[in-house]
Amino acid sequence: MGSNSFGRLFTVTTFGESHGPAIGCVIDGCPPGLEIAPEEFTHDLQRRATGKSRHTSARREADEIEILSGVYEGRTTGTPIGLLIRNTDQRSKDYTNIAQQFRPGHADYTYWQKYGIRDPRGGGRSSARETTMRVAAGVIAKKWLKQRYGVLVRGFLSQLGEIRPSGFDWDAVEDNPFFWPHAAQVPELETYMDALRKSGDSVGARVDVVAGGVPPGWGEPIYGKLDSELAAALMSINAVKGVEIGDGFASAAQKGTEHRDLITPEGFLSNHAGGILGGISTGQAVTASMVLKPTSSLRLPGATVDADGAVVDVITTGRHDPCVGIRATPIAEAMMALVLMDQALRHRAQCGDVGEVSPLIPGQADV
């Protein structure tokens, strides 16, 4: 299999390349009756889009959704939903000089080794352009989760280079181009990114994503664990090199008396586990974070070889993000929502007759 599909009951298959005529996806398994209109995709697609600030790629795509199937008179029918976005701002000439060169840190060499052929324009299938359709599918999952269970999925940039938030306010996240949770630091980020862009270099980042209102019981033991599927989903995003659930790698320095989340009738006293125990949701907020590497598309020369094995210096002159993490928040939200919707449907299919089990420990009221 080509591994272009995701999910078990709620499945998403994406297609298309960065500089092809269009990108799209097919969503199967969506319950019927969900109201959805093309304009509902706009908000999240624009949050992910390039060209919205000087700190992201200058490529400007309209990202207008066409609903091809699976929706009738504004409601899902239960049949496959086809979504399409036409590419309109490709600049393939930017890649003519490096079409036969393997850019260090990119998928050029690995795609060449696997397939014996590759589309060099904008990275082809390995481009982050593909994530546009994940965000589109995530719009449907987010809406269904919110309407059916009251689940709210949202994220924020929790590290840019060596800079971390010195305060936190969810309201601040949507009021700046960085999805940064502390408004007072935004000028510092602007200055940092301006200097980075002028230097021609790039930098890594970290994104946190949180789902509040997830009921207990979602997830399956062993091979269908909620945290394992969430980790795989986040790791599938371009440039992601590490994922944590809850306290993640910080758990290595903790003692059991610190890490265990004590339980009272009024609720859990902490959430080091990230809302998941034994692969199954606890009713607390599901929390995860992902680390994205610095983009390797740089104006600074780097040593590599070409398709003939000759040693060359490669310089990428196309339009690229100096920090891919800046636009990654809505992508992380989408992937978490897709995992949660798939797990919710699977839980309902197997355990729908179980009902509410006592005692029910309250989750967090606000995340």
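Backbone N, Cα and C define each Cβ position, glycine as well.
Now, the feature entries from Swiss-Prot:
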BINDING   R48, R54  NADP(+) binding site
BINDING   R125, S126, S127, N238, A239, G278, K293, P294, T295, S296, S297, R319  FMN binding site
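With a 10 A radius on its CB, S127 (FMN binding site) counts 20 other CB atoms from all the protein chains. Around the Cβ of R54 (NADP(+) binding site), the number of neighbouring Cβ atoms within 10 Å comes to 12. Closest in space to R48 (NADP(+) binding site), of the binding-site residues given as R125, S127, K293, T295, S297, is S127, taking the CA atom of each residue. Using Cα positions, the member of the binding-site residues R125, A239, T295 nearest to R54 (NADP(+) binding site) is identified as T295. Compared over the binding-site residues R48, R125, K293, the count of CB atoms lying within 10 A of a residue's CB peaks at R48. DSSP assigns K293 (FMN binding site) to coil in the three-state reduction, outside any helix or strand. Within 10 Å of the C-beta of T295 (FMN binding site) there are 23 other C-beta atoms, taking all protein chains into account. Cβ neighbour count for A239 (FMN binding site) (all protein chains, 10 Å cutoff from its Cβ): 20.
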